[in-house]
Amino acid sequence: MKDCEYQQISPGAAPPPASPGARRPGPAAPPAPSPGPAPGAPRWSGSGSGSGSLGRRPRRKWEVFPGRNRFYCGGRLMLAGHGGVFALTLLLILSTTILFFVFDCPYLARTLTLAIPIIAAILFFFVMSCLLQTSFTDPGILPRATICEAAALEKQIDNTGSSTYRPPPRTREVMINGQTVKLKYCFTCKMFRPPRTSHCSVCDNCVERFDHHCPWVGNCVGRRNYRFFYAFILSLSFLTAFIFACVVTHLTLLSQGSNFLSALKKTPASVLELVICFFSIWSILGLSGFHTYLVASNLTTNEDIKGSWSSKRGGEASVNPYSHKSIITNCCAVLCGPLPPSLIDRRGFVQSDTALPSPIRSDDPACGAKPDASMVGGHP
């Protein structure tokens, strides 16, 4: 077999002469199309540095949020995972108010005064505004520990020699206004909870100044939306009492010259309003009074139920370190002042190194920093 000789041809050189017996080549065939990516394979877009990146659109942080919340309008609005009870709240408020404006307000405006529908409209819009702000506002969720911070805990678990070992619950103690306060470690969020912070089992988030999880508003009630929640229940009690009184007045005026049953037959919708308001007003008024006491004492529902600063659990009563010893000052501290910013960057983009929740490796060079003493020690 003859050795093949390869000769580099310059671009401007003429082609070599063909042998007499050789066949003249036909037109060159078009190049075969390059095979596309397999179905389901990621599409890569090249960059100037030579390192490819995923061609799909970048994800925002609300799309990979670890809690059980639902986000709307591109992450601008958030709600708890379950919204059935919240929908029932909207249905009761809207249906009762619409029936009142359709069947009672025209008669009362003609007979008594035009101020009745105006007052009802102002109360209704204020109630709906406070409800929507309570439901769609971040209650004060604290972001979870980063991968590197969580890797310190995983490394501590690996050093024990057992894959099923979990260190016991750890606490830290801090002094607040001369009172010792214990900070518990959250194994879900991988951090020590700040004072008055608790982990909501429904939303699966640590919420700052956690009051309670309210299914009626479809959200947790915490530091960033408690003022809206208090304004909602207070204004709702006024609206319910106002509609109840107006419906009773309407039926009383209709029953003049006839019996009360005849008045009920004339406006059956008013009967439905009367029943809804009668069974709702007691719980709403009681809830408003209870939270008025909490605001005046600078307490939360969680602290009151647990008896953190009282002798409800049989222990010694201690002084509330968050109280300012004045009702007016406590009310201003809870309800007034600037709204703290949200600590979760819902609209931010997921970074490439933290986009996927891959298994945590304690030997990752990016996590080579020594863990903080607060992460591995029981006390500071």
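Yeah, the Cβs are placed from backbone N, Cα and C, and that goes for glycine too.
Residue-level annotations in Swiss-Prot identify, among Ser19, Ser34, Ser19 as phosphoserine. Membrane topology per Swiss-Prot: Asp104 and Glu303 sit on opposite sides, carrying different topological domain names.
For the topological domain 'Cytoplasmic' (133-227), the number of residues in each DSSP class (helix H, G, I; strand E, B; coil) is 18 helix, 29 strand, 48 coil. Within the same chain, residues 89-90, 93, 97, 100-101, 105, 217, 228-229, 231-232, 235-236, 238-239, 242-243, 246, 249 sit at least 6 positions outside the transmembrane segment (112-132) and bring their C-beta atoms closer than 8 Å to a C-beta of that stretch. Within its own chain, Cys214 (active site, S-palmitoyl cysteine intermediate) has Thr134, Cys220, Val221, Phe229 as residues 6 or more apart in sequence whose C-beta sits under 8 angstroms from its own.
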